[in-house]
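The block underneath contains the structure these notes are about, expressed in structure tokens.
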């Protein structure tokens with residue numbers, strides 16, 4: 001049942017008994033043009049009890065067009081009901097009634113009343129006034145498709161040939177005396193419904209004619225989004241963005257995200273009027289910057305790190321924490337690890353982390369906290385500490401390659417802001433551009449442009465995760481409840497984002513800088529001894545950083561790092577020491593070395609002409625990964641070293657060979673069954689073994705001191721007849737591939 005409202009007949013009687021309206025020139029008698037009304041005589045009145053981000057966005061758009069704005073209710077208690085869920089809003093009329101007493105006799109004054117939290121102004125006062133004068137009204141209300149709050153009143157509305165039929169009270173514009181005559185009739189409770197009040201006045205035919213009340217049926221001035229999302233598109237000019245109503249071919253001046261369309265308004269507000277333009281880029285990005293002053297200590301930060309699932313390259317992640325370009329004595333570290341598998345990694349890094357940051361706290365898997373409970377605990381640590389000025393949440397699958405990330409986000413001066421991160425070469429990111437009706441992922445029209453950084457700026461989005469910064473004051477004043485992440489059965493990050501959105505706090509995302517990337521974790525198999533080795537497909541950039549020699553690119557670029565110790569035998573850096581060690585350890589962990597016999601059941605024919613003590617990559621499940629390494633790194637180097645040859649980098653024989661004095665110390669002269677052969681030393685001569693090396697008999701050229709991680713690349717069959725020289729002490733390991741057999 002709607003809140004009690006005034007009866008139309010009673011209102012009409014009251015209005016007829018009032019003194020006559022001050023003379024107002026009929027709109028039909030006024031000149032029709034942009035200069036029909038002086039913009040200086042326009043006043044925008046709005047209502048806001050708190051300076052929310054929605055309110056600041058409204059003011060920002062008003063200031064862009066030089067509107068004069070008067071705000072009612074700032075700092076006062078809202079008693080107008082929960083208008084987001086039910087009827088209410090009468091308090092707005094009471095405030096407006098009092099304010100309009102100032103303008104009751106100003107017949108040339110035009111007032112536009114709009115909401116503020118969910119409104120954006122899209123064009124100038126001049127255009128607004130021109131359209132108002134052309135309407136021929138004394139008071140023009142916005143229109144929508146829904147007869148709210150009483151559907152039973154729908155049949156009393158005049159028929160409309162084209163356009164929206166029903167009144168919406170979120171925006172109206174009119175001559176000050178007319179508005180005063182309307183709102184002075186309000187004598188109801190603050191939580192009675194304002195829209196019902198205006199509706200009942202409008203529905204009286206005599207009153208409608210007497211006061212020249214009308215609706216903006218075709219959204220020439222007011223665009224209410226509820227029920228009209230399919231009608232609205234963005235219209236891009238070089239330095240301006242408008243919304244266009246394609247149903248009526250109009251360019252509205254006021255955009256109102258009424259009802260459940262707040263997120264769609266946030267999307268439009270990223271562009272309108274100049275949030276982002278094709279020529280100017282981000283129009284508002286630098287207006288709120290808070291540059292951290294030099295010579296003064298920066299804000300105190302709680303860095304909350306979460307290891308919630310087995311995560312590749314975790315030791316590298318922990319080391320990157322030490323590289324943040326922010327004074328470590330201003331950072332306290334909270335680390336939650338739910339994975340027993342990662343306890344050794346954290347134990348190795350913990351002494352450094354303890355020495356680096358001002359305070360540290362570790363919560364391990366023995367606490368049996370859920371991901372939501374751990375996040376609530378960390379966030380509350382900042383909330384309860386008045387000295388905690390910023391809360392920086394960081395998941396272990398977020399790779400921050402930009403050490404200035406924390407500083408950049410703080411200087412953006414937003415309540416909540418995340419750095420844009422995505423998986424390498426993928427569209428998977430740490431934000432959603434839109435939500436589906438059930439509040440799960442939906443792709444916004446600009447999602448790809450944002451992920452690929454074709455549009456750069458600071459964006460208002462409905463969902464962020466994995467890395468974000470929140471003001472400590474925001475936690476203490478606007479998000480005081482402890483259970484933010486564990487308050488529902490949904491994913492903790494979804495629960496957090498919903499809690500923030502419901503408070504009217506914007507979730508900002510910055511893609512102004514390259515901040516880093518996300519790791520893929522779903523196929524991370526910890527059954528391997530060194531599971532990171534298998535990440536060449538899922539996380540190729542991180543895999544390369546960990547396993548490909550730091551000088552490989554320089555060698556490929558022709559910087560003089562490739563050597564030729566024998567004719568057509570090339571020597572170049574390929575693998576890191578870590579990869580060499582982990583390959584050897586994987587082989588020894590597997591342990592099923594061949595016996596170096598001619599009979600070999602692993603081969604199609606069951607016979608090996610030149611046997612070695614070895615383990616094939618297929619045996620340890622690493623064949624596909626090694627072939628990807630050949631395609632990505634060995635193939636380009638081969639074509640660089642042998643101009644005119646194009647390799648398919650196909651190899652069916654990929655294996656690690658072990659040489660020992662008491663097992664198989666050497667290998668007799670032979671040709672390889674390949675177009676070219678790759679031979680990588682996996683350990684150090686003089687440290688791990690003595691002797692060894694390779695001799696090319698045709699040239700009587702030997703390589704007696706192989707370098708760990710460096711690859712020999714040489715032709716196989718026909719020309720490069722060679723032998724493995726005896727290993728005299730220790731154990732020598734090499735990785736061999738017969739390529740393009």
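Including glycine, each Cβ sits where the backbone N, Cα and C put it.
For 47, 48, 49, 115, 116, 117, 259, 260, 261, 262, the entry in Swiss-Prot reads UDP binding site, with the evidence type similarity to another entry. Within 10 Å of the C-beta of residue 49 (UDP binding site) there are 18 other C-beta atoms, taking all protein chains into account.
All protein chains shown were included, and the count of other CB atoms within 10 Å of the CB of residue 66 (N-linked glycosylation site) stands at 10. The N-linked glycosylation site annotation in Swiss-Prot covers 66 (among others), and the record cites experimental evidence as its basis.
Summarising the annotation, Swiss-Prot assigns disulfide bond to 282-285 (among others) and lists similarity to another entry as the type of evidence. Mapped onto three states, the DSSP output places residue 282 (disulfide bond) in strand. Taking a C-beta cut-off of under 8 angstroms and a sequence separation of 6 or more, residue 282 (disulfide bond) has the following same-chain neighbours: 275, 276, 456, 457, 458, 512.
Positions annotated as N-linked glycosylation site by Swiss-Prot, on the basis of sequence analysis: 286 (among others).
Here Swiss-Prot flags 382-388 (among others) as disulfide bond, drawing on similarity to another entry. For the recorded site, residue 388 (disulfide bond), the DSSP three-state label reads coil. When other Cβ atoms within 10 Å of the Cβ of residue 388 (disulfide bond) are tallied across all protein chains shown, the result is 21.
According to Swiss-Prot, the feature N-linked glycosylation site maps to 551 (among others). The Cβ neighbour count for residue 551 (N-linked glycosylation site), using a 10 Å radius and every protein chain shown, is 15. According to DSSP, residue 551 (N-linked glycosylation site) is assigned to coil rather than to any helix or strand.
According to Swiss-Prot, the feature disulfide bond maps to 566-701 (among others), an assignment based on similarity to another entry. Just so you know, the Cβ of residue 701 (disulfide bond) picks up 15 other Cβ atoms within 10 Å once every protein chain is counted. Secondary structure at residue 701 (disulfide bond), taken from DSSP and collapsed to helix, strand or coil, is strand.
What Swiss-Prot lists as 2-oxoglutarate binding site is 602, 659, 679, 732. Long-range Cβ neighbours of residue 659 (2-oxoglutarate binding site) (same chain, at least 6 residues apart, Cβ-Cβ under 8 Å): 613, 665, 666, 667, 689, 692, 724, 727, 731, 732, 733, 734.
Here Swiss-Prot flags 650-741 as domain 'Fe2OG dioxygenase'.
Sequence-distant neighbours of residue 672 (Fe cation binding site): residues of the same chain at least 6 apart with a C-beta under 8 Å from its C-beta are 716, 717, 720, 738. Look at Swiss-Prot and you will find 670, 672, 722 tagged as Fe cation binding site, backed by sequence analysis.
The secondary structure of residue 116 (UDP binding site), as reduced to three states from DSSP, is coil rather than helix or strand. Note: the CA-CA distance between residue 722 (Fe cation binding site) and residue 701 (disulfide bond) rounds to 9 Å. Across the structure, residue 566 (disulfide bond) and residue 49 (UDP binding site) place their CA atoms 82 angstrom apart. The recorded positions recorded for this entry are 49, 285, 551, 670, and the Cα of 285 lies nearest to that of residue 66 (N-linked glycosylation site).
Sitting within 8 Å of the Cβ centre of 670, 672, 722, and not among those site residues for Fe cation, are the Cβ atoms of 610, 667, 669, 671, 677, 716, 720, 721, 723.
Under a cutoff of 8 A between CB atoms, and with a sequence separation of 6+ in the same chain, the neighbours of residue 47 (UDP binding site) are 71, 72, 73, 92, 95, 96, 115, 116. Mean model confidence for the domain 'Fe2OG dioxygenase' (650-741) is a pLDDT of 93.
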